[in-house]
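Q: Pulled these features from TrEMBL for this protein:
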type: DOMAIN; residues: 23-107; note: domain 'DUF7027'
type: REGION; residues: 185-207; note: region 'Disordered'
type: TRANSMEM; residues: 20-39; note: transmembrane segment
type: TRANSMEM; residues: 45-72; note: transmembrane segment
type: TRANSMEM; residues: 79-102; note: transmembrane segment
type: TRANSMEM; residues: 114-141; note: transmembrane segment
Amino acid sequence: MALIKRCCFFSLRKGSYLSAFYTLIFYTIIFMAGTINIHSMQNDFYVFVSVLCLMIMSALTIVTSIIMVLGISGENVSLLLPWMATISILTVLEVFIIIFMMVRSVKGTNSDPFMLAMVIADVIIVSANIYGLVCVVSLFIEIRRKRNSQSHDDTRLYKRPNQMEIPCKDNEELSKEYLLTSSPQRLPVSSQTEEDNKSSTSFLSIK
């Protein structure tokens, strides 16, 4: 059974398309921004590693989003799996980044408004990723259920190829043949009557 029936007032199919295009556009921007600014973050090792991991996962998300669009259009559930796996890993990475930024903001003496805005933005992104993932998983389950029901119907309606027909005789003809072969051979009634007449005539002549 699917986790949800609809996705943001849309069907699961359209909602999955929206999820694919959202991740494609958003993580393309993230990848480009990381490529431009990663050199300025080399002084902070933890930030540099976090941004580098985010860039790698963003690149994978771009590729898997395109693959998922093809999978949705062709109802190929196997093409949905890479996106589901990538978004799951990316969401976990985003959660770790949120925790890391919150810990750094707590340790700092002065509150950083930019860091707070980043935490809020990441929370929204994680929520959108989780909802999109639930939508795609529901579509995955729906397509699998539909294909299983179709295969079950095809199995029920399957007919074996016609075998070569062997001509057979009617029951009446078979019963006649059985009587002729099983019972002892007898003379026809007319011939039996003639034999009886001959025997009686010969008997009278002898008398």
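Note that Cβ sites are derived from N, Cα and C of the backbone, with glycine treated the same way.
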Q: To what whole number does the mean pLDDT across the domain 'DUF7027' (23-107) round?
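A: Across the residues of the domain 'DUF7027' (23-107) the model's pLDDT averages 89 on the 0 to 100 scale.
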Q: Report the DSSP secondary-structure composition of the domain 'DUF7027' (23-107) as helix, strand and coil residue counts.
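A: Split into helix, strand and coil, the domain 'DUF7027' (23-107) gives 79 helix, 0 strand, 6 coil.
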